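Here is the structure we will look at, set down as structure tokens.
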Amino acid sequence: MGLEWSSPGERQPLIPQRGPRSPRLFGRRWLVLFLFSLLSFLQGLVWNSWGPIQNSAQAAFGFSKIDIALLVLWGPIGFLPCFLLMWLMDTRGLRVTVLLTAFLMVLGAGLRCVPVVDLSLRRKLIHGGQLLNGFAGPTVINAAPYLSTTWFSPDERATATAIASMLGYLGGACAFLLGPLIVPAPNSTSGFLLDHGLVGSIKDRIEGVLYAEFGIISVVFAAIVAYFPARPPVPPSVAAASRRLSYRNSIFKLLSNFRFLMIALAYAIPLGFYSGWSGVLDLILTPIHVTQVDAGWIGFWSAVGGCVVGIGVGRFADFIRGVLKPILLLLFSGATFSAAWFTLTFLSSVTHLPLTTATLYTSCIMLGVFLNGTIPIFFELFVETVYPVPEGIACGLVTFLSNMFMGILLLFLTLYHIELSWLNWCLTGSCLLSLLCILCFRESYDRLYLDVFVSV
């Protein structure tokens, strides 16, 4: 079970297993999960606002391709204060951290809506708003396991983690759908657009989306201020009330644990590459004459399918415990196959694979389903592997690495104008590398041991 990782004292519960302070559940846990998931959804929606409508944004605001890449890049750059937010969550709790996160999102969404005439200044404000939204990313991604442990019982934790962590990706998926449907794409005759004032119409549509997002985020922020407790009156499980390592000791433990570093890289490399790849999916598909709307639908169904599978496998992991590694092996086998299929399809003149809309849809959607579906399972495995390290610290370090890989990838694209087709090969290789790492990984379930055996 990997019990050498934690000392016997650290595995002792702080609450009795029976009596008035014994573990219990509260119905309000679902309201807390709903508010957090909605905040995560909106953060993902704002982060991916510009990629699906980049052609329209270039026509309306004068964005260059570098600007579009930077708008996506602000997401991983926003993870630079990740360790500060992890410390805040560990010392001040969930409510303070979520309130700060929601405030940053409101401020960022408001900056994007400032009605200035100067397009150069307007572009700077939009970039600033995207950066503030990026600063909210570490909390909405990392806090899901912390929330599930704090509020949910052992047979609901994986499900709660899946819902809280996958809703952010669903927000990014809805951006693929809402953006192209609301904002019209410019045609190839840009002079015609200028003569007939259609650029102004595109700009008005984009601003309407920005104002709507600002209004919804403000309402959610008000709801969190009104009600979002730090923790329930009584912990829901023995593990939720057990002692945890300090922030400094946790970082030292994580960096010195080879098994954790192995599984962390198995998560960070492919998920980081996939985030960067999906952020410029429109540009990747443009050379083979896939329209902005079609690229948006591909991205949408990829993320939606991954959310459905992620929540489904999370619920399955709650019913049948101790099978996180087999689930990851199955999902990454499918991801590696799908990525290879998509990559080889681009070489249809050599591989003779059919390059059709159907094959592109199928391979992209399968890739998104399998990769996104691994996220909640990874989070639960991180926590089980390094317990009693706090959930936010363990997941925060991993997502920081993932966004670092994503940022490096986008930075190379921005500075060196690398051929986008190489991203397909990088994604395929990263999936295969992670599959091998997971195959060699020795799993352990220290937190599950505490709840199942110590509490009996």
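Just so you know, glycine gets a Cβ as well, placed from its N, Cα and C.
The following features are taken from TrEMBL:
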TRANSMEM  30-47  transmembrane segment
TRANSMEM  68-88  transmembrane segment
TRANSMEM  94-114  transmembrane segment
TRANSMEM  162-183  transmembrane segment
TRANSMEM  209-230  transmembrane segment
TRANSMEM  251-275  transmembrane segment
TRANSMEM  295-316  transmembrane segment
TRANSMEM  328-348  transmembrane segment
TRANSMEM  360-383  transmembrane segment
TRANSMEM  395-416  transmembrane segment
TRANSMEM  422-441  transmembrane segment
The transmembrane segment (209-230) vs the transmembrane segment (360-383): 3 or more CB pairs under 8 Å: no
Interface-richest range of 30-47, 251-275, 360-383 toward the transmembrane segment (422-441), CB pairs under 8 Å: 251-275
Closest-packing stretch to the transmembrane segment (251-275), where packing means Cβ pairs under 8 Å, from 30-47, 162-183, 360-383: 360-383
Beyond the flanks of the transmembrane segment (360-383) by at least 6 residues, Cβ under 8 Å: 144-145, 149, 157-158, 161-162, 165-166, 169, 260, 263-264, 266-267, 270-271, 274, 278, 281, 285, 288, 290, 297-299, 301-303, 305-314, 317, 324-325, 327-328, 331-332, 334-335, 337-339, 341-342, 345, 391, 394-395, 398, 427, 431, 443, 447
Spatial neighbours of the transmembrane segment (328-348) far in sequence, C-beta under 8 Å, 6+ residues away: 270, 288, 309, 313, 354-355, 359-360, 363-364, 366-367, 369-371, 373-374, 377-378, 381, 421, 424-425, 427-428, 431-432, 434-435, 438-439
